[in-house]
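Chemist: Supplied in structure tokens, the structure appears directly below.
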Amino acid sequence: MTTTVTTGQAVAARAVDVWKVYGSGEAQVIALHGVSVELERGQFTAIMGPSGSGKSTLMHTLAGLDSVTRGEIFIGDTRLTGMSDGDLTNLRRTKVGFIFQQFNLLPTLTAEENILLPLSIAGRKADPKWYETVIDTVGLRDRLKHRPSQLSGGQQQRVACARALVSRPEVIFADEPTGNLDSRSGAEVLSFLRNSVREYGQTIVMVTHDPNAASYADRVIFLADGQVVDELLAPSADAVLDKLKGLDAKVESAADASQAG
Amino acid sequence: MLRATLKSLLARKLRLILSTLAVVLSVMFVSGSLVLTDTLGRTFDNVFSNIYSYTDVQVSAKSETADAASGNSSAILPVPASDVARIEKIDGVRKATGSVFVSGARVIGKNGKVVISQSGQFGGSWTGEDELTKLISGRAPSAPDEIVINNGLAKQAKFAVGDPVDIIARAEARKTYKVVGIMQYAGNRDSMAGETTVLFTEATAQQVMLGETDVFNVIDVKGKDGVTDNQLRDNIKAALGPKYTVQTGDELSKASSEAIRGLLKYFNYFFLGFGTIALLVGVFLILNTFSIIVSQRTQELALLRAMGASRWQIIRSVLIEALLIGTVGSLFGFLVGMGLGAAGASAFTSLAKMDSAGLGLPVAAIVTSFTIGILVTMISAVLPAIKAARVAPIAAMRDAATTDKPLTGITIGGGVVTAVGVGSLSWGLAGAGDATLLLVFGGVLLTLIGVALLAPLISRPLVAGLGSVFSWSVPGKLGRRNSSRNPRRTAITAGAVMVGIAIITMISTIFSSLSTAIGESVEKDLQADLIVYGQQTSDVPPIIQPDELKQIKALPQLQTVASVTYDVVSLNGKQDFVLAYDDVPAVITVLKLHPVAGRIDHIDSGEFTVDEKTAKERKYTVGSTIQVTFAKGQTKTLTLVGITNSTSNGNGVVVSNTDAQAGFTFPQPIQALVKAKDGVAVDDAKAAVEGVLKNNPEVSVQTKKELVGSSQQQFDVALVIVQVLLFIALGISVLGVINTLLLSVIERTRELGMLRAIGLRRRQTWSMVTIESVVITLFGTVLGLVVGAGLGAATVTALKSVIGFGAVTLPWGYMIAYIIGAVIVGAVAGLIPAIRAVRLNVLNAIAYE
Ligand SMILES: Nc1ncnc2c1ncn2[C@@H]1O[C@H](COP(=O)(O)OP(=O)(O)OP(=O)(O)O)[C@@H](O)[C@H]1O
Ligand SMILES: [Mg+2]
């Protein structure tokens with residue numbers, strides 16, 4: 001099953017001049033400084049940046065998990081800003097998928113039940129053909145009846161990927177999906193994510209620290225101090241690394257300057 | 001180390017509150033009952049020392065049938081008036097005053113009902129004003145129908161000087177008297193302890209209260225100056241001989257208050273029983289809380305170990321936490337208990353119209369509360385502490401995934417404990433003499449603990465079964481899976497519920513079996529259509545006056561009327577209860593008696609009959625003789641002439657009416673069994689009998705059906721009281737459910753976050769937690785119902801030979817109510833954890849630390 005990928009044509013998720021401020025007064029942290037990004041449909045986007053630069057915050061606001069202080073978020077044509085919890089839940093059920101660094105599988109359920117969980121929560125049935133495709137792509141057919149505790153980290157993360165894919169969401173958000181995996185399992189998960197973008201037109205946004213992981217993406221967005229500072233298309237690991245080094249130098253000199261002042 | 005402990009303690013406030021609350025509730029019962037009995041005890045002490053404060057020495061006749069334990073006897077033995085003169089001649093005596101003062105003067109109020117007083121309805125002779133009594137209005141009685149009443153009675157029944165008052169005296173039928181004076185006691189007391197008192201002229205008092213002339217029941221003796229009370233007592237004792245009881249005022253007051261304290265002791269046992277149950281449930285809760293604390297702190301503990309803390313230090317840190325919780329819990333438990341005890345005491349004293357001695361701080365209550373509270377908490381924390389000490393330092397580096405430990409050990413342990421418990425219970429129930437109570441109690445306790453240990457194993461299939469009811473929805477399925485996630489924790493939480501429910505069910509099973517048995521046996525054994533009797537409210541039984549009985553017998557609607565009277569006697573040196581019938585053949589018909597040996601159709605003076613079972617127990621055969629000392633003092637040898645079948649109503653020794661009339665305290669009929677003529681409607685017969693009894697406010701007529709109903713109603717009332725008290729124990733177990741769920745919610749924060757992130761609605765989250773709560777509560781309840789019904793059935797079956805009923809009636813109504821209650825309680829217990837789960841910030845939940 002293939003879909004025509006219309007790169008640059010449709011936008012899967014969009015942030016328009018988004019500000020996110022935590023706390024107030026002395027303890028105030030501005031996590032996002034007027035960020036505007038467009039995530040194109042059928043693209044694999046990586047978000048990179050130094051620790052504390054606002055990657056997770058951006059992703060959470062894009063996914064409707066967190067509210068914004070100012071600005072607007074869209075998923076497809078739906079405006080998230082100002083939506084009620086119930087509507088946001090509905091949106092997450094139908095249009096958003098998640099992959100977490102910690103896998104976050106339910107230990108009481110089998111791999112299969114975990115995969116089908118978002119659908120059963122929403123009271124929907126899986127499309128059997130798509131389900132079979134997903135299972136085969138993640139290569140878990142012989143592990144379906146196992147509990148998470150009987151699976152390796154890599155296998156658990158593949159279950160989590162399958163769980164995100166099976167409901168065919170508009171966007172899948174992945175926060176450091178390979179952060180807890182060794183390089184081999186990481187590579188498996190990443191190529192699997194890339195395949196689902198290439199072959200099935202899935203939109204994926206991934207936060208990562210790893211230039212190698214970022215090289216699987218179609219596009220890399222660089223964040224620093226809550227602002228989009230750079231971007232790279234069809235990146236290679238080396239190119240990403242160079243950009244990051246440049247960023248670190250900028251951040252350091254900025255920090256020195258603020259200390260001096 | 002201590003600082004670390006304190007910090008982690010304060011960091012978990014809610015948990016702290018819940019586990020402290022468990023200790024508070026457990027200790028509350030104990031301290032409450034101790035404070036209550038202490039206050040009441042001192043109140044009674046005051047009363048009696050007031051009553052006897054002006055008495056030097058008192059002389060009365062010695063009763064053979066007096067209850068050694070209480071010192072009370074319903075039998076009043078008169079002393080001849082001539083003794084007064086005799087005593088006055090004794091060395092050291094200044095003055096002797098004979099007086100009549102006995103219970104059994106039932107005053108009929110303006111509403112036509114007897115004026116009720118829990119402290120007694122006294123009638124006596126007016127001996128003039130003295131240090132203790134003075135008239136506050138009117139004058140002393142001088143004519144036979146004139147009386148003085150105490151101000152308490154005057155206030156309670158709104159009598160004033162000049163009012164006519166109807167009284168049923170101890171030895172006289174209802175008669176109208178006239179109030180000529182109202183008196184008070186020293187210190188402006190309206191009564192000593194809320195009793196009602198009527199004082200007649202001396203001659204009337206002797207006549208209507210003692211039934212004889214020229215007799216008193218007590219002689220008050222005043223000593224000459226310089227003669228001590230003890231000297232005086234010894235002088236009189238020596239002069240009068242062994243047939244008299246001679247006591248100083250101090251001795252009397254002590255004896256009376258000791259008697260009351262003896263009764264209060266049972267009161268205390270009753271509440272302490274509930275306290276024990278509450279403690280037992282509390283142990284489960286505390287144990288569970290600490291286990292969870294330890295497993296939650298695994299990483300923290302491992303870190304401490306890695307940094308060089310010894311096992312003993314770890315154990316100590318957990319135990320210190322327990323000590324703190326135990327101390328704080330005991331303190332609050334003691335305070336709350338003191339409040340409850342004080343409230344109970346003031347309710348009691350105001351009901352009984354007594355002056356409360358005021359709230360004391362009984363040392364026993366303080367010591368017991370703190371000892372029990374702290375000890376129980378520490379003991380409950382020992383196992384978790386050991387578990388904590390076993391945490392390997394390496395666990396600090398690992399994710400604190402608790403692997404499922406096998407349940408083999410705990411299951412074998414549970415099996416053994418259950419077996420020992422059941423064994424001890426059956427041994428005790430089979431009758432083991434003095435050890436019976438201990439064996440039964442220990443057996444019930446061990447069985448409960450054993451089943452609690454088995455619960456993790458049972459929980460797997462049972463929770464799955466119960467949970468499948470909810471599996472139609474995704475949250476239901478998740479909730480069910482969660483509840484079987486940690487069998488030990490589920491089981492121990494449910495175990496607390498189980499203990500409470502098991503005890504309630506056991507008691508309801510016993511009560512409902514008893515109630516049914518009584519209903520059935522009355523139905524089966526009693527041929528009477530109507531039963532005439534009154535509720536006994538004092539030591540004087542309500543009496544059917546002889547001429548009333550005569551009139552009833554003459555009623556044309558009735559076929560048979562048989563009257564029954566009974567009294568306490570000393571039988572072969574032991575206190576016993578004997579019956580007498582005025583019309584043996586009539587009773588034989590009504591009670592469906594038939595001879596098993598000898599003859600039973602008449603009993604002459606010097607003869608007795610007995611039922612088969614009693615005969616067997618005491619090894620009587622026809623021709624056996626017994627020594628009976630009657631209340632009025634005479635001793636007789638009686639010969640067994642016949643043995644009847646045993647029934648549910650009139651078992652035991654039956655003496656002749658002649659002997660009863662001569663020896664019983666109250667030889668008048670106490671009960672009458674009536675059979676209507678064929679063709680006469682029961683209600684018509686009842687109306688006719690009621691017509692005769694309209695002047696006797698104490699005695700009423702009930703149909704057989706009403707009798708069954710009212711006796712069963714008494715069980716229902718008792719059962720409700722027991723249930724209300726046990727609900728407090730159940731409350732503790734509900735705290736346990738809340739605790740467990742809260743901790744589970746906290747433990748599964750990330751999981752909940754993920755579920756919410758992938759689209760679980762708030763409402764669904766709510767039902768997931770609620771269902772887990774309901775499943776755990778239901779599991780405990782079902783387990784409790786089964787265990788409780790089993791224990792109850794065992795008790796009933798064992799009592800078959802003792803009480804004479806053996807059919808087990810399960811209290812289905814209650815059991816279903818408990819299940820419904822469990823669902824509701826489970827949902828309510830899930831409330832706080834569910835709110836917490838729903839309020840969870842999705843982001844915080846998935847962000848990891
Ligand atoms: N709940 C919060 N309250 C206050 N400040 C917060 C909160 N969450 C994040 N921040 C702050 O916002 C900024 C951005 O955080 P964010 O988690 O988005 O960074 P990140 O780029 O994901 O970092 P990392 O690579 O370490 O995960 C940080 O300075 C952080 O301290
Ligand atoms: Mg982050």
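Any Cβ shown, glycine's included, is placed from N, Cα and C.
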Chemist: Which range is it, out of B:154-176, B:177-199, B:407-429, B:660-682, that shows up in TrEMBL as transmembrane segment?
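Modeler: Range annotated as transmembrane segment by TrEMBL: B:407-429.
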Chemist: Based on Cβ pairs under 8 Å, which of the stretches B:363-386, B:407-429, B:435-458, B:766-792 lies most in contact with the transmembrane segment (B:314-343)?
Modeler: B:363-386
Chemist: Across the whole of the domain 'ABC3 transporter permease C-terminal' (B:724-841), what does the mean pLDDT come to? Round it, please.
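Modeler: Mean model confidence (pLDDT) across the domain 'ABC3 transporter permease C-terminal' (B:724-841) is 84.
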Chemist: Looking at the stretches B:363-386, B:407-429, B:435-458, B:812-835, which one shares the most CB pairs under 8 Å with the transmembrane segment (B:266-293)?
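Modeler: If we count Cβ pairs closer than 8 Å to the transmembrane segment (B:266-293), B:363-386 scores highest.
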Chemist: Take the transmembrane segment (B:407-429) and find every residue of the same chain, 6 or more past its ends, with a Cβ under 8 Å from one of its Cβ atoms.
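Modeler: Answer is 435-457, 487-488, 791, 794-795, 797-799.
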Chemist: Checking distant contacts: for the transmembrane segment (B:435-458), what same-chain residues at least six beyond its ends satisfy Cβ-Cβ under 8 A?
Modeler: 280, 284, 407, 410-411, 413-429, 487-488, 490-492, 494-495, 498-499, 502-503, 506, 783, 787, 791, 795
Chemist: I'd like the per-state residue tally for the domain 'ABC3 transporter permease C-terminal' (B:724-841) from DSSP, helix first, then strand, then coil.
Modeler: 102 helix, 0 strand, 16 coil
